[in-house]
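J.: Relevant sequence annotations retrieved from Swiss-Prot are reproduced here:
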type	residues	note
BINDING	H98, D121, D125, D225	Mn(2+) 1 binding site
BINDING	D121, H123, D225, D227	Mn(2+) 2 binding site
BINDING	H123, G124, D125, L126, N127, S134, G135, N136, D177, T239, E270	substrate binding site
Amino acid sequence: MNKNMSIVGVPMDLGADRRGVDMGPSAIRYAGVVARLEKMGFNIEDRGDIFVTLPHHFTETENHKYLDEVVEANEKLANVVSDIMTAGRFPLVLGGDHSIALGTIAGVAKHVKNLGVICLDAHGDLNTGATSPSGNIHGMPLAASLGYGHERLTNIGGYTPKVKAENVVIIGARDLDQGERELIKRIGMKVFTMHEIDKLGMARVMDEAIAHVSKNTDGVHLSLDLDGLDPHDAPGVGTPVIGGISYREGHVSLEMLADADILCSAEFVEVNPILDRENMTARVAVALMSSVFGDKLL
């Protein structure tokens, strides 16, 4: 694991319907992420937050809400993440809603030719403007990173696609729209739903996921949406879905990722302090970060 790490926050809530997730980066910092990682021996550089332009009024372009502002912020993020990679540091991005994965993945994939992606998420984030029931771009970043959807999203960073379907794994899915299910089947993407986790156990699921995502890749990006966890353990998220990954399953999955030593970047998204209880979800995010970055009890 690269011990030189750069943190960047993205106070973005325009990709989602519920306000408040723009305060996620501040909540995670307040929960002590820098101190925790420094105690683990990381050299931390906090680059502050990406500036997100706020719209003067509601806009929607071909079933994409706030398209201009989301694209602008993600282009900035892609450049910052690319600069971090150029400096030989590990980018840790704090959200913000999950639309910021557009910029994170665009910045990382410029430097990692065959990028793998592991998503811990209740949702697929595989919608396009043609399939999205809501028009919220936080439900589209994985599709766009694969090259599906509006060209302004697919071309963030100046190129498309960023990743191949065979190099992506979703873990913890339990709420997929019809268009997402059809796309998953059409492109043959590896998805471990909560059914597989319940049936096989998280350890076996992670063994299979790690083997799959590291087979033909040069590095792996972790995209962790806190709604992947059960709302009992992570209540402060905008789109909670009951029956999710437990707190301990989350730690096991990330401890196994740490042992595999395949990560080149990570993002933690969808922490919404307005919906949280005593910053519980931000504290869970920091605890999970400590596991994925190698913290051990013994």
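Backbone N, Cα and C define each Cβ position, glycine as well.
Give me the local environment of each listed feature.
T.: A simple way to gauge crowding: the CB of D125 (Mn(2+) 1 binding site) has 25 other CB atoms within 10 angstroms, across all the protein chains here.
According to DSSP, H123 (Mn(2+) 2 binding site) sits within a strand segment. Using a 10 Å radius centred on the Cβ of H123 (Mn(2+) 2 binding site) and all shown protein chains, the other Cβ atoms total 25.
Sequence-distant neighbours of N127 (substrate binding site): residues of the same chain at least 6 apart with a C-beta under 8 Å from its C-beta are P133, G139, M140, A143, G149, D177, G179, E180.
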J.: What does DSSP assign D225 (Mn(2+) 1 binding site), in three states?
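T.: In three-state terms, D225 (Mn(2+) 1 binding site) counts as strand.
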J.: Using DSSP, would you call D177 (substrate binding site) helix, strand or coil?
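T.: Assignment for D177 (substrate binding site) reads coil.
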J.: DSSP on E270 (substrate binding site), three-state: which is it?
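T.: Looking at the DSSP assignment, E270 (substrate binding site) belongs to neither helix nor strand, so coil.
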J.: I'd like the Cβ neighbour count for D225 (Mn(2+) 1 binding site), meaning other Cβ atoms within 10 Å of its Cβ, all protein chains included.
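T.: Excluding its own Cβ, D225 (Mn(2+) 1 binding site) sees 27 Cβ atoms within 10 Å.
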J.: Per DSSP, H98 (Mn(2+) 1 binding site) is which: helix, strand or coil?
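T.: It is helical.
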J.: What is the one among the binding-site residues D177, E270 whose Cβ has the most other Cβ atoms less than or equal to 10 Å away?
T.: E270
